[in-house]
Amino acid sequence: MAGVGAVSRLLRGRRLALTGAWPGTLQKQTCGFHFSVGENKKASAKVSDAISTQYPVVDHEFDAVVVGAGGAGLRAAFGLSEAGFNTACLTKLFPTRSHTVAAQGGINAALGNMEEDNWRWHFYDTVKGSDWLGDQDAIHYMTEQAPASVVELENYGMPFSRTEDGKIYQRAFGGQSLKFGKGGQAHRCCCVADRTGHSLLHTLYGRSLRYDTSYFVEYFALDLLMENGECRGVIALCIEDGSIHRIRAKNTVIATGGYGRTYFSCTSAHTSTGDGTAMVTRAGLPCQDLEFVQFHPTGIYGAGCLITEGCRGEGGILINSQGERFMERYAPVAKDLASRDVVSRSMTLEIREGRGCGPEKDHVYLQLHHLPPEQLATRLPGISETAMIFAGVDVTKEPIPVLPTVHYNMGGIPTNYKGQVLKHVNGQDQIVPGLYACGEAACASVHGANRLGANSLLDLVVFGRACALSIAESCRPGDKVPSIKANAGEESVMNLDKLRFADGSIRTSELRLNMQKSMQNHAAVFRVGSVLQEGCEKISQLYGDLKHLKTFDRGMVWNTDLVETLELQNLMLCALQTIYGAEARKESRGAHAREDYKVRVDEYDYSKPIQGQQKKPFGEHWRKHTLSYVDIKTGKVTLEYRPVIDKTLNEADCATVPPAIRSY
């Protein structure tokens, strides 16, 4: 893997003592790089003390830098390298440790291997699943690109499960239909048993090794380098040796994943801390729709580990304490394969009404033991293992205790379907020059208010590729990289120094736990105004407590105390925007279910014919995207709104799906 650890080796031999500070100057040292950095294309990286003599900064120059090396980041990075761009990929984890590896169920594409299918039907299902908050131009792009994207993965060597005649096996998944919702259940989810994310990530990583991409592994991105409204790279901390690095680039792609760890119980890795989302917030740019947090119906009770929707796609059913298949009452047609927000709310209602399972009656059961053992062994081997380890359940004999668990963030950094980051000025979308985003960190918005299962892996590969294509359309390899100020990134280093020597009264772990429990209690599956208001006050108070943090490790080498504190800052910014956005949205839509505002508020009442109705003004309905900003010093959240894009990329080829009452 080209470039891994090369930058760390630049400073090796000048390591800090665990409790020491950086020396004021660094002796010159040459180190052979295969990639180009600095003004002299053959020179090694430059060390500058323009920011601080205590924290010398190593400067690098690339055509493009990708932050994050999960599915989206890898696809963007090797797409850029393939096009000839001198590309850096910066990641706080080794690439195959990224959270993409945890995805289980599959990736949607209308291949038609199990029955006739059409990408336009997939488009319809995704728009409906989004509760008409998704942007239909982006959904059009994603669903049309889906079949080719899956074939591309197959050509890269991804070992999909197969039908008897050798085609890619496709299972049923929630919210998927044929013939625009009128043809029954679709089998559209391509899978590798129940380990699809693992296979996808390793396939993309293996593919990336073909290209001359420079990987900065175990580097923590601190902030974007912004000049005159343009993004010109990132500043990062090398976790291994504590060195600071400014990576200057004409194009920056954020692919840092979601912020699931704002909640106490979630299926996300502990590294899902919204780093990119927070960097954009600190840059003064908006985030979009953060109030829409998906609760996956089936997290293992007490552990939060994911049990894939593929279990229900293979024939598993949800039952209550009376042994009743209760989803038949809530979604008579789709039943257990209704969309995730519908199933999670139904489970919560069953528990509330006293039909929960166990001594506390606080969960339900997922039953699989009626399925043939050979089907469980071949299609759901990972789930069988996970259920035994985390619940002590043999799925061939007994049901799995499950509970809705935070799983995915529909909101993120606002982009168009090309991956270009947007801001909204005077009622118009404007592109932020040099900045792109993809994957769960981004909000295109293809998921709207609720994501369909197996659309997330599709999102990664389609929009990771889209970012690379967009950059290739507008730039050429070797284009001049815009300059940055000599002290660019100074505030980031000052913040790092402040946290490193923080000597307050609250531990990072204590404050993080308080935040997570507050989010879990105040912004859950069902929400109510008074509780949300209390949550806003609580999270604002906790944000203020950041100045009272106490860290214990004063060193710079593998200072995990410092890294976790930096992550907590990022989580706090995400939590603030999530709960304030939820309190402000006075309706129920998708994953945002208000008990005091139970109906969806559109520009028309779509439960009735719209003829004769007067369209509500923009300020009086909620079919619009939330844009949130945070004052970093005070924690004050400011909300604005932008309209949903209803037009597709080609109305003649793919007609807009008009809003309707959503039922399954």
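For all residues, glycine too, the Cβ spot is worked out from N, Cα and C.
The active site, proton acceptor annotation in Swiss-Prot covers Arg340. A simple way to gauge crowding: the CB of Arg340 (active site, proton acceptor) has 25 other CB atoms within 10 angstroms, across all the protein chains here. The DSSP secondary structure for Arg340 (active site, proton acceptor) is helix.
The FAD binding site feature in Swiss-Prot is assigned to Ala69, Ala72, Thr91, Lys92, Ser98, Thr100, Gly105, Ala221, Asp275, Glu440, Ser456, Leu457; the stated evidence is similarity to another entry. In the three-state DSSP scheme, Ser98 (FAD binding site) falls into the coil class. Every protein chain shown contributes to the tally, and the Cβ of Ser98 (FAD binding site) ends up with 29 other Cβ atoms within 10 Å.
For Arg451 (oxaloacetate binding site), the Cβ neighbour count at a 10 Å cut-off comes to 28, with all displayed protein chains included. Here Swiss-Prot flags His296, Arg340, His407, Arg451, Ala454 as oxaloacetate binding site.
The tele-8alpha-FAD histidine annotation in Swiss-Prot covers His99. Residue environment of His99 (tele-8alpha-FAD histidine) contains 23 other Cβ atoms, counted within 10 Å of its Cβ in all protein chains.
The N6-acetyllysine annotation in Swiss-Prot covers Lys167 (among others). In sequence order, Leu111, Asn113 constitute the residues six or more apart from Lys167 (N6-acetyllysine) in its chain with CB-CB distances below 8 Å.
Under the heading N6-succinyllysine, Swiss-Prot lists Lys179 (among others), citing a large-scale study or a structure entry as support. Sequence-distant neighbours of Lys179 (N6-succinyllysine) (same chain, 6+ residues apart, CB-CB distance under 8 A): Trp121. Following the DSSP three-state reduction, the secondary structure of Lys179 (N6-succinyllysine) is coil.
Summarising the annotation, Swiss-Prot assigns N6-acetyllysine to Lys182 (among others) and lists experimental evidence as the type of evidence. In the shown protein chains, 8 other C-beta atoms lie within 10 A of the C-beta of Lys182 (N6-acetyllysine).
In the three-state DSSP reading, Tyr215 (phosphotyrosine) counts as strand. Cβ-based neighbour count (10 Å, all protein chains) for Tyr215 (phosphotyrosine) stands at 26. Per Swiss-Prot, phosphotyrosine is recorded for Tyr215, and the stated evidence type is similarity to another entry.
Taking the Cβ of Lys250 (N6-acetyllysine) as reference, residues of its chain lying under 8 Å away and at least six apart in sequence are, in sequence order, Asp63, Ala64, Arg232, Gly434, Cys475, Asp479, Lys480, Val481, Pro482. Under the three-state DSSP scheme, Lys250 (N6-acetyllysine) falls in the strand class. Annotated N6-acetyllysine per Swiss-Prot: Lys250 (among others), in sequence order.
Residues or ranges marked as N6-succinyllysine in Swiss-Prot: Lys250 (among others).
Within 10 Å of the C-beta of Lys335 (N6-acetyllysine) there are 20 other C-beta atoms, taking all protein chains into account. What Swiss-Prot records for Lys335 (among others) is N6-acetyllysine.
Marked as N6-succinyllysine by Swiss-Prot: Lys335 (among others).
Under 8 Å, Cβ to Cβ, and six or more positions away along its own chain, Lys485 (N6-succinyllysine) finds Glu227. Annotation comment: Swiss-Prot describes Lys485 (among others) as N6-succinyllysine, evidence class a large-scale study or a structure entry.
For Lys498 (among others), the entry in Swiss-Prot reads N6-acetyllysine. Counting only residues at least six positions away in the same chain, no Cβ atom sits under 8 Å from the Cβ of Lys498 (N6-acetyllysine).
Annotated N6-succinyllysine per Swiss-Prot: Lys498 (among others), in sequence order.
Lys538 (N6-succinyllysine) falls within a helix when secondary structure is assigned with DSSP. In this view, Lys538 (N6-succinyllysine) is surrounded by 19 other Cβ atoms within 10 Å of its Cβ, with every protein chain counted. Taken from Swiss-Prot, the feature N6-succinyllysine covers Lys538 (among others), and the record attributes it to a large-scale study or a structure entry.
Here the C-alpha separation of Gly105 (FAD binding site) and His296 (oxaloacetate binding site) works out to 12 Å. Neighbour counts were taken at the CB atom with a 10 A radius for the recorded positions His407, Lys598, Lys624, Lys633, Lys647; the maximum falls on His407.
Those residues of the chain, other than His296, Arg340, His407, Arg451, Ala454, with a C-beta within 8 angstroms of the mean position of the oxaloacetate site C-beta atoms are Gly174, Gln294, Glu309, Tyr408, Leu452, Gly453, Ser456. Here the C-alpha separation of Lys647 (N6-acetyllysine) and Arg451 (oxaloacetate binding site) works out to 20 Å. Rounded to a whole number, the C-alpha distance linking Lys624 (N6-acetyllysine) with Lys615 (N6-succinyllysine) is 14 angstrom. Cα separation, Lys538 (N6-succinyllysine) to Lys636 (N6-acetyllysine), rounded: 13 Å.
Recorded residues His407 (oxaloacetate binding site) and Lys608 (N6-acetyllysine) have their alpha carbons 34 Å apart, per Cα-Cα distance.
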